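Engineer: Before anything else, here's the structure in question.
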Amino acid sequence: MNYDLIIIGAGPAGYVAAEYAGKHKLKTLVVEKEYFGGVCLNVGCIPTKTLLKRAKIVDYLRHAQDYGISINGQVALNWNQLLEQKGKVVSKLVGGVKAIIASAKAETVMGEAKVLDPNTVEVAGKTYTTKSIVVATGSRPRYLTLPGFAEARQNGFVIDSTQALSLEGVPRKLVVVGGGVIGIEFAFLYASLGSEVTILQGVDRILEIFDTEVSDLVAKLLQTKNVKIITNAQVTRANNNEVFYSQNGQEGSVVGDRILVSIGRIPNTECLDGLNLQRDERNRIVLNQDLQTSIPNIYIVGDANAQLMLAHFAYQQGRYAVNHILNKKQVKPAQKLTCPSCIYTNPEVASVGYTEMELKKQGIPYVKTNLVLAHCGKAIADNETNGFVKMMFDPQTGKILGCCIIAATASDMIAELALAMGAGLTVFDIANSISPHPTINEMIADVCKKALFDHFK
């Protein structure tokens with residue numbers, strides 16, 4: 001059967017592409033091998049945030065006395081009920097994704113796709129022809145290939161982020177290999193739920209892609225939960241539930257009921273292996289600025305192109321690819337610099353634009369201003385004063401170069417700054433805006449007002 005568009009993958013990039021294609025009357029086929037909604041909805045963003053919210057409530061209950069509330073009796077955790085709630089949330093949202101695809105009048109087929117040529121896709125022995133192909137196949141966890149890890153994984157001791165969402169119970173001891181975003185979120189989750197957590201990080205600090213103030217504060221917050229962080233730890237091997245590492249020439253080891261390996265993700269592009277696509281020196285498929293491969297009617301979007309593995313970045317890329325197929329200019333390409341990133345710890349971390357570290361490395365002139373949450377009335381009222389808002393500006397124009405926020409509502413606050421950066425707004429624009437009071441959000445305008453006095457007199 002002939003289609004205008006075949007979309008391989010029904011995750012964030014894929015289903016949004018299908019929705020946009022449907023609005024423009026393209027005859028569309030969506031191929032999905034496992035999860036409608038992709039990793040994000042089924043075994044990523046949504047289920048982790050569901051569990052992290054419950055973990056945050058546990059934190060509040062354990063510290064109820066700090067809020068003048070006495071609880072008689074023990075705070076008990078019902079893990080099975082938490083998993084059941086997680087499943088209901090996922091099921092509801094998967095239904096929503098299926099409804100979006102159906103309302104776009106896109107056809108669907110289940111199975112693993114293989115692109116045979118620029119216009120033909122094979123699924124479960126059947127072939128489908130199309131004018132354009134959008135590959136939105138997502139990514140998968142990267143595994144350690146060091147000695148003993150394959151056996152430990154086979155024996156159920158070594159797990160990935162997908163398995164960490166459906167354990168039979170809260171592990172008494174959890175080892176997290178990798179101190180990036182995913183590893184840190186799981187460390188917060190399980191430490192709040194009662195696990196004894198140890199993080200093995202290969203470099204000198206956790207969250208190394210963020211500025212040092214972020215790493216330092218998050219490390220302190222983890223330590224209040226009795227999380228042990230071992231930095232400069234080069235993992236060497238595993239023996240079932242024991243991980244061995246080298247640190248400053250000395251060998252050490254740590255034992256856990258489960259060992260969560262969180263060292264990044266690999267794009268799923270095997271469906272394109274039969275094509276002679278242009279690749280770079282690292283064997284990655286080369287794309288142009290419009291997300292086209294060297295075969296122009298084949299696009300790769302979302303995690304599958306590994307440009308920025310975030311669902312909201314994938315949404316925009318999915319829309320943009322279809323927009324480009326239609327030869328329209330309604331959708332702007334996704335820009336890394338104005339795409340916010342968040343860590344759903346307690347408090348949350350969010351950033352957009354350059355980090356101060358990147359500005360220094362690239363020699364970009366900047367001025368910075370920051371305020372701690374201890375100056376914010378709402379934060380004091382909420383008894384949540386751990387955190388800060390830091391912003392960097394162009395010293396000549398006042399344009400926003402970057403921002404980092406640690407606050408209970410950081411993931412909601414950062415959207416304002418992503419919009420401001422994308423629109424080219426300046427420190428003057430935000431300083432002259434009126435924020436509701438009392439809110440944590442007014443810290444953004446307060447930082448800009450302080451910056452005017454500090455740097456733009």
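Keep in mind that glycine also has a Cβ here, set from the backbone N, Cα and C atoms.
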Engineer: Let me know which member of Ala55, Ala106, Ala311 Swiss-Prot also records as binding FAD at the site of Glu32, Lys33, Glu34, Tyr35, Phe36, Gly37, Gly38, Val39, Cys40, Lys49, Ala113, Asp303.
Structural biologist: Ala311
Engineer: Which of Val235, Val286, Val301 shares the NAD(+) site with Gly178, Gly179, Gly180, Val181, Ile182, Ser262, Ile263, Gly264, Arg265 per Swiss-Prot?
Structural biologist: Val235
Engineer: Which one of these binding-site residues has the most other Cβ atoms within 10 Å of its own Cβ: Glu32, Glu34?
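Structural biologist: Per the Cβ count within 10 Å, the most buried is Glu32.
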Engineer: What subset of the recorded positions Cys45, Gly178, Gly180, Ile182, Gly264, His437 lies within 10 angstroms of Ala311 (FAD binding site), using C-alpha positions?
Structural biologist: Cys45
Engineer: Translate the DSSP assignment of Cys45 (disulfide bond) into the three-state scheme.
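Structural biologist: Cys45 (disulfide bond) sits in a helix per DSSP.
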Engineer: Going by Cα-Cα distance, which of the recorded positions (Glu32, Gly38, Cys40, His437) sits nearest to Gly180 (NAD(+) binding site)?
Structural biologist: Cys40
Engineer: Take the C-alpha atoms of Cys40 (FAD binding site) and Ile182 (NAD(+) binding site) and report the distance between them in angstrom, rounded.
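Structural biologist: Approximately 12 Å lies between the Cα of Cys40 (FAD binding site) and that of Ile182 (NAD(+) binding site).
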Engineer: According to DSSP, does Cys40 (FAD binding site) fall in a helix, a strand, or coil?
Structural biologist: helix
Engineer: Can you tell me the CA-to-CA distance separating His437 (active site, proton acceptor) and Cys45 (disulfide bond), as a whole number of Å?
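Structural biologist: Pair distance, Cα basis, whole Å: 31 Å.
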Engineer: Quick one: give me the count of other CB atoms within 10 A of the CB of Ile182 (NAD(+) binding site).
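Structural biologist: Within a 10 Å radius of the Cβ of Ile182 (NAD(+) binding site) lie 22 other Cβ atoms.
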